[in-house]
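As structure tokens, the structure follows; a few thoughts come after it.
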Ligand code: RET
């Protein structure tokens, strides 16, 4: 077998750790999707798209967690090989959408917004596509090479977003900029977990533990980077709605 881990060798404890974390991921995506779709009507129209995109990210992830869970159960029973591609297809769809929701909530001028999308969306696709061959590689050599290639667009995205979020801070009311700072921190902290989880087999963690650690790392990072991130986007949209429109603020009891 290639680098895709043989799940039939997991102990009962390792099996339930992975099964429980995947179930937690599924529940988080389900609840956040419903909450965000229902809540989008509660912000001013110009911010609704950001919330709808955030809910769509968790909806796409909800579907993939169901498939990952199924694939994990089937592979543990020895009926199939665990399919790590669901995760990468999920990221291929959700990472560009996460970037779009961030750009949408900032309500930047159109030219600025278009240039950001044109730079960040292709970079995010390159990051995920270059990471996949390394994820399924059995040998450390190709894992390191693909991982290093994927890190180039990764650092580029973080750099561009960090600069852009920082630039937007002075133009916002104090409360909004405090929340945008929190969003910036959440982005750096959670996106950093993915390459660390990927590197577990390289860091000398043994096969089964590296597999379990990777599934836990990716799932916890996904819940923070999609659910908590989307809820923070919702909070920014509410604060900005209140700052833009005094009647919204008083109807929502925000001032
Ligand atoms: C890979 C391969 C190794 C190098 C790097 C990676 C980065 C992955 C990232 C994924 C982010 C996913 C998100 C999903 C949420 O919806 C592909 C593991 C740098 C940053 C934010």
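Placement of Cβ uses the backbone N, Cα and C atoms for every residue, glycine included.
Unlike curated records, TrEMBL annotations are generated automatically.
A quick note: this is a predicted structure, and the numbers were derived from the prediction, not measured.
Listed in TrEMBL:
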type	residues	note
TRANSMEM	20-38	transmembrane segment
TRANSMEM	50-68	transmembrane segment
TRANSMEM	88-109	transmembrane segment
TRANSMEM	116-132	transmembrane segment
TRANSMEM	144-162	transmembrane segment
TRANSMEM	183-204	transmembrane segment
TRANSMEM	216-234	transmembrane segment
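Counted over residue pairs separated by six or more positions, the transmembrane segment (20-38) shares at least 3 Cβ pairs under 8 angstroms with the transmembrane segment (216-234), which defines the two as touching. For the transmembrane segment (144-162), the residues of the chain that approach it from at least six positions outside its boundaries are 99, 102, 116, 119-120, 123-124, 126-128, 130-135, 137, 184, 187-188, 191, 195, 198-199, 202, judged by C-beta separation under 8 angstroms.
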